[in-house]
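Reviewing the structure listed below.
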Amino acid sequence: MELKGKKVLVAGLGVSGIALCKVLDSLKAKVIAYDEKEYDVLKENLEEIKSLSIDFRFGKFKKEFLEGVDLIVLSPGVPIDSDIVKTAQEKKIELLGEVEFAYRFSKAPIYAITGTNGKTTTTSLLGEMFKNTGRKVYVAGNIGYPLIYAVMEAAEDDFIVAEISSFQLETIKEFKPKISCIINITPDHLDRHKTFENYRDIKGRIFENQREDEYTVLNYDDPVTWSLKNKAKCRVFPFSRKSLLENGAYIKDGSIYISVNGNAEKIIDIEEIYIPGEHNLENALAASSVAYLSGISADVIANTLKTFKGVEHRIEFVDEINGVKFYNDSKGTNPDASIKAIQALKTPIVLIAGGYDKGSEFDEFVKAFNGKVKKLILIGQTAKKIRDTARKYSYPEDDILFAGTLEEAVKKAYESAKEGDSVLLSPACASWDMFRNFEERGRIFKKAVAELRR
């Protein structure tokens, strides 16, 4: 793609947008960087690009921003029904999403993972499996390292393992992974995608350009994910925790097996997998399937599963103070993710929950308390909504506390906990009402836990 001298507007100046600006500048494009937020809010983000020859625009979108623009590259945070997108379509200006734009530069094969929950763990785990073959691998995408950096650096015989979100899949056109994978689909981001059906269909776009000699790996146990198989033009490879499969990855007699064309091979005994929890077994099956189909040996897969310690902010053990264990699950940004965290812990739980309202319902989340959650500390926009749902299911009002800050919530949780209990931050909500992102929320939680020792 020849961009020298072309006028390119980058919409949205988060992590992806900053990366796009840097790469476009290096390609000698004339870059316009736009964000609807004001400069003061973004000042910190813009430090690394303010010295580049970029034309910055901030605040409410104006049609004149698009004057003479040849191409618009959208960051994932910019909705497709926004004014800038509508105006670009009216003016017939080429519009590419960040992932689509990056894909067009890629020389290396991309192995793409999506799903509502488990994406980051599965992507990181698969990345480790590739690394353990001795090959050069880039782990990128929604995981924090922008895909545009990975494709610019990766050579033809390297690998790119990419976590892809629904926001990124919304704008793909030609994007075609070598192998794709959908771990699961449960309601999320309905404030953006409007209906669950629309959200499901966007997730299914991950394999829409793959052909009959390529694979998509789908969760056989999740009816919503499995229903997408009928849309696939490529081969479908299932994984299951519950069923024996003639062709796919499955559990038999306490071990993971993978069968391709009827030839089954044992991979590992489940008890040897380092990271605990049923949800992590699902992640292990998904990553192992993609790795095996790409030619990685059972030995390398097994050794990685024995040593991989999980990812930050996902049921991450933080500390034990006076017999109370603290876990950071800030990545629990929807009810289903937080249900899995509650199920993974085997002790009584003091739960810190609440945050930005994405339009989620909390009935199943509250039902999962099931006698395990002894106290509920609520923060953020959804605090009252979760409280009302908890009361609907007869959760004792005396066991519900409110906190104005996460630091206050940690103190209240510690005061409510006894020796042998766990304090779990698993908000079941996004972080954007109080924090820049879930990583910042997780770091503040860990800092607040450390303060308890002082």
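Cβ coordinates are placed from backbone N, Cα and C, and glycine is handled just like the others.
Per Swiss-Prot, these features apply:
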type    : residues                                               : note
BINDING : Gly115, Thr116, Asn117, Gly118, Lys119, Thr120, Thr121 : ATP binding site
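Secondary structure at Thr116 (ATP binding site), taken from DSSP and collapsed to helix, strand or coil, is coil. Within the same chain, residues at least six positions away from Gly115 (ATP binding site) with a Cβ under 8 Å of its Cβ are Thr122, Cys181, Ile182, Ile183, Asn184, Ile185, Lys203, Asn219, Thr225, Ala286.
Sequence-ordered, the extra residues of this chain that approach the ATP site, with Cβ no more than 8 Å from the Cβ center of Gly115, Thr116, Asn117, Gly118, Lys119, Thr120, Thr121, are Ile113, Thr122, Ile183, Asn184, Asn283, Ala337.
Listed in sequence order, the residues of the same chain lying 6 or more apart from Lys119 (ATP binding site) and placing their CB within less than 8 Å of its CB are Ile113, Asn142, Ile143, Glu163, Ile164, Ser165, Ile183. Sequence-distant contacts of Asn117 (ATP binding site), defined as residues of its own chain at least six apart whose C-beta falls under 8 angstroms from its C-beta, comprise Ile183, Asn184, Thr186, His279, Asn334, Asp336, Ala337, Lys340. The Cβ of Gly118 (ATP binding site) lies under 8 Å from the Cβ of Ile183, Asn184, His279, Asn280, Glu282, Asn283, Ala286, each on the same chain and at least six residues away in sequence.
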